[in-house]
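Participant: Below are the structure tokens for one structure; questions will follow.
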Amino acid sequence: MAEFPASLLILNGKSTDNLPLREAIMLLREEGMTIHVRVTWEKGDAARYVEEARKLGVATVIAGGGDGTINEVSTALIQCEGDDIPALGILPLGTANDFATSVGIPEALDKALKLAIAGDAIAIDMAQVNKQTCFINMATGGFGTRITTETPEKLKAALGSVSYIIHGLMRMDTLQPDRCEIRGENFHWQGDALVIGIGNGRQAGGGQQLCPNALINDGLLQLRIFTGDEILPALVSTLKSDEDNPNIIEGASSWFDIQAPHDITFNLDGEPLSGQNFHIEILPAALRCRLPPDCPLLR
């Protein structure tokens with residue numbers, strides 16, 4: 001087979017007992033591919049391993065985990081300076097794998113690993129919040145964010161994305177919409193938001209298409225707001241088609257400013273960030289990512 005440059009796999013510590021993954025790595029090594037493996041146990045590990053990857057001269061750093069792991073690795077990559085910055089490869093091993101699913105990464109580990117090593121590296125956008133925190137997929141706010149951040153880890157491990165629905169139903173009586181004001185390029189809205197989705201990618205929360213028109217290389221963020229004064233009626237209205245739904249507000253901009261009279265929480269690729277003021281902007285062509293040729297999120 002053709003020779004490929006070396007890669008470094010940054011593996012979330014929760015996936016170390018994945019026997020099929022070990023077998024896939026061993027098989028590719030036997031075929032002549034050089035794959036270094038490092039395991040993360042705490043925040044900051046991914047950034048250190050990206051630095052090591054640059055010293056090793058690898059062509060690809062593979063994020064092995066869920067959306068949070070992809071976020072950590074991609075954030076570390078865009079902070080690199082100089083030439084020969086490795087491309088991002090994706091190996092979906094998390095609970096929801098929203099970004100990997102939406103860009104078309106294969107579910108089979110061996111196929112995903114080969115794509116992460118040998119796929120075409122395409123320049124894609126990332127987003128940044130308040131000039132600090134980044135996300136590659138989506139920022140979600142509202143009651144859905146509170147559900148995903150509060151759902152017990154054991155429930156997520158046992159039931160996957162279904163756990164979010166169960167926990168949400170259990171909390172229905174305590175959840176309230178968030179009052180806020182959102183501005184962007186040729187966009188202004190103020191009111192009660194049930195759910196806010198600001199997407200570089202399209203889906204979050206285990207497959208929910210919050211921003212179905214988003215592309216990862218168009219220099220824009222897609223905004224979708226589900227509005228409503230009461231949770232249950234607004235939830236029922238989301239079952240209608242988009243054209244018939246007065247509770248859906250949409251917009252597109254390279255930046256959005258969000259202000260609220262009280263603290264609201266956004267979920268950035270799985271990591272919560274709370275505050276009253278948010279400036280979210282796109283970072284065009286921030287990194288290269290190895291993607292399938294038919295990736296639906298490319299223009």
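Backbone N, Cα and C define each Cβ position, glycine as well.
The shown structure was predicted, so the numbers you read here are calculated from the model rather than taken from an experiment.
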Participant: Swiss-Prot has T40, G66, D67, G68, T69, I70, N71, E72 binding ATP. Which one of T34, T60, T95 is in the same site?
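Facilitator: For the ATP site that includes T40, G66, D67, G68, T69, I70, N71, E72, Swiss-Prot also lists T95.
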Participant: Three-state secondary structure of E271 (active site, proton acceptor) from DSSP?
Facilitator: strand
Participant: Note the Cβ centroid of L215, D218, L220, the recorded Mg(2+) site, then list each other residue of that chain whose Cβ lies within 8 Å of it, in sequence.
Facilitator: D125, A214, I216, N217, G219, Q222, A252, R299
Participant: Using Cβ atoms only, which residues of the same chain lie under 8 Å from L220 (Mg(2+) binding site) while being at least 6 residues apart in sequence?
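Facilitator: When sequence neighbours closer than 6 are ignored, L220 (Mg(2+) binding site) has A252, S253, S254, I282 within Cβ distance under 8 Å.
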Participant: Of the recorded positions L215, D218, E271, which one has its Cα closest to the Cα of T95 (ATP binding site)?
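Facilitator: Of all the candidates listed, E271 is nearest in space.
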Participant: Which secondary structure state does DSSP assign to T40 (ATP binding site), in the simple three-class scheme?
Facilitator: strand
Participant: Hey, what's the Cβ neighbour count for T40 (ATP binding site) at 10 Å?
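Facilitator: Within a 10 Å radius of the Cβ of T40 (ATP binding site) lie 23 other Cβ atoms.
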